[in-house]
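Here's the structure, in structure tokens; my notes come after.
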Amino acid sequence: MEQAGAVLLGTAIKVLLWPAYRSTDMEVHRNWLAITYSLPLRAWYVDATSPWTLDYPPFFAYLSWLLAQPAAWIDARIVDVRRGLNYDAWPCVAYMRATVLCTEGVLVYALYLLSRCTMGDETQNALLLSILLHPGLLIVDHIHFQYNGFLFGVLFLSLWAARTHRPLLCAALFASLLQFKHIYVYVAPAYFVYLLRAYMLPSMPTSASAVSAAIDRTIKLGAATLVPFLLSILPFVLDAMRDVSYETNVLYAMYARLFPFHRGLMHAYWAPNVWALYAAADRVLLRLQHKTLASTSRGLVGDTVMGALPNVPPSTCFALALSLALVYVVPLWRKPSYTRLVVCVTLCGMSSFGIGWHVHEKAILLAALPLGLVAHRRYVDWRTFQILSAVSIVSLFPLLYTHQETLIKLIYALIWYVVVHRTVSRRVLRPMPSNVSILLHALETIYLYGLGILAVCTNVAWPLLMHFAPTASRIPFAHMEFLPLLLTSVYCAIGFVHCWLRLSVSYLLDSPAI
């Protein structure tokens, strides 16, 4: 009953936040509703009436079409490609907010199914509830506006299928997830190796019958993986074939939208990853060399270019991410368990965020949330989840830059962190500390306090100082208007890299304990 009450309270808070700040992402998704409702399939990935073009895979486009049907009944302008541009009447806003809340039901259902596997483990159930009420999801989905809760719901359903020994369902769900949002391809190596070892080749076949059985399982797994792909692509191909005069290559147009390699390594606001530290070092070198960079950002969303250090090409990012993924799947190959799969998915998500190309700051949730599914098992997992959650929350604060949301995000995050910390910390057994672990724990605690100070300074003290100062020129660093963003990116990047390294070492060296 307590958990149901917490879910209802969280839902009420999310509804109360409907009038809050919203980013242009709401207009992006409203435009996708209009595109999918008003245009034929062959034009979905071609239309450029709005700068917010459709750039998610087909299943998400189909979801947009589905959500557009009630919208047309509520207010026809919502789904009008031209008249609906920048439309923000209250019925439109309320409906778009409601779609996020309703689709998040998939996440609620996935966490419910996972909770049924816990056999009453209160610690694990508390962690599952903490994922649903995570401040990162509240900020990104229910204020800023996106559908990450729905996507994580599909991801967690696939992990539930793995936990309950349903490999074909696991494969089909993950393949479907890739057709909703292709960023999850970074964690595909973990699923591939897990399904290969747990289902296709649980042991090396030593007889003709065993080989035949392995081939049969391979065909079934291939079909489970291929069917979602065909269901996503074939409607576009068939629709294009109906109009022989249509000259645009539909599949190429889709590919160009899904993989925009013309963008730069980073956004104007640096995601707190390795490249944030790289870019910060670049700026320090520029200072030391007494050089200035004419422009550090360009484009619709902005991206960062280097001035002193070499620019990093996409191929380098992908090669590094793939190399790390190949390392992480080794323990999973040796012992394909549910816990190892979740940790491997987390580490692949960390590597994609840590060294990926043109990473959005919101992608840190892919690194932070999955670990919550198994954070109760080992102290190192819980401590990593604790720090990584704090880092992810603070790094997402800049998304809400209007003053009206300042107290909301700070108070909600503080309450969530304190409640989760007090609930879980006393239940997760901490191993006998060594001198090194005591020092590490102390440094981590100092870092967490510093993270809190950073959040208050950048979100409260700095804006107040800029607002009430009689003369901005008298304030040190007043001309550096992006200093709070720089400090947030770099400080959070340090914490993220620490969590990444700590979990990697623990997973690779202590994997027999998992």
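Residue positions begin at 1 at the first shown residue.
Glycine too: its Cβ is placed from the backbone N, Cα and C atoms.
According to TrEMBL, the features are:
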| type | residues | note |
| --- | --- | --- |
| TRANSMEM | 94-114 | transmembrane segment |
| TRANSMEM | 151-176 | transmembrane segment |
| TRANSMEM | 183-201 | transmembrane segment |
| TRANSMEM | 221-238 | transmembrane segment |
| TRANSMEM | 250-270 | transmembrane segment |
| TRANSMEM | 312-331 | transmembrane segment |
| TRANSMEM | 338-357 | transmembrane segment |
| TRANSMEM | 385-401 | transmembrane segment |
| TRANSMEM | 407-424 | transmembrane segment |
| TRANSMEM | 436-462 | transmembrane segment |
| TRANSMEM | 482-501 | transmembrane segment |
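Within the chain, the transmembrane segment (436-462) has long-range Cβ neighbours (under 8 A, six or more residues past its boundaries) at 383, 387, 390-391, 394, 397-398, 406, 409-410, 413, 483-484, 487-488, 491-492, 494-495, 498. Nonlocal intrachain contacts for the transmembrane segment (94-114), taken as residues 6+ away from its ends with a CB within less than 8 angstroms of a stretch CB, comprise 7, 11, 14-15, 18, 26, 29-30, 63, 67, 70-71, 74-75, 78, 128-129, 131-132, 141-142, 145-147, 149-150, 152-157, 159-160, 163, 373. A Cβ distance under 8 Å defines the sequence-distant neighbours of the transmembrane segment (183-201), meaning residues of its chain 6+ beyond its ends; these are 151, 155, 158, 162, 167-168, 170-171, 174, 177, 214, 217-218, 221, 321-322, 325-326, 328-329, 332-333, 336, 340-341, 344-345, 348-349, 351-352, 356, 363, 366. Here the transmembrane segment (151-176) has long-range neighbours at 59, 103-111, 113-114, 117, 131, 137, 184, 188, 191, 194-195, 198-199, 220-221, 224-229, 338, 341-342, 345, 365, 369-370, 373, meaning same-chain residues at least 6 beyond its ends whose C-beta is under 8 angstroms from one of its own. Ranked by Cβ pairs under 8 Å to the transmembrane segment (385-401), the stretches 221-238, 338-357, 482-501 are led by 482-501. Taking Cβ pairs closer than 8 Å, the transmembrane segment (221-238) reaches residues 41-42, 44-45, 57-59, 62, 167-169, 171-172, 175-176, 178-179, 195, 199-200, 250-251, 254 in its own chain, all 6 or more past its ends.
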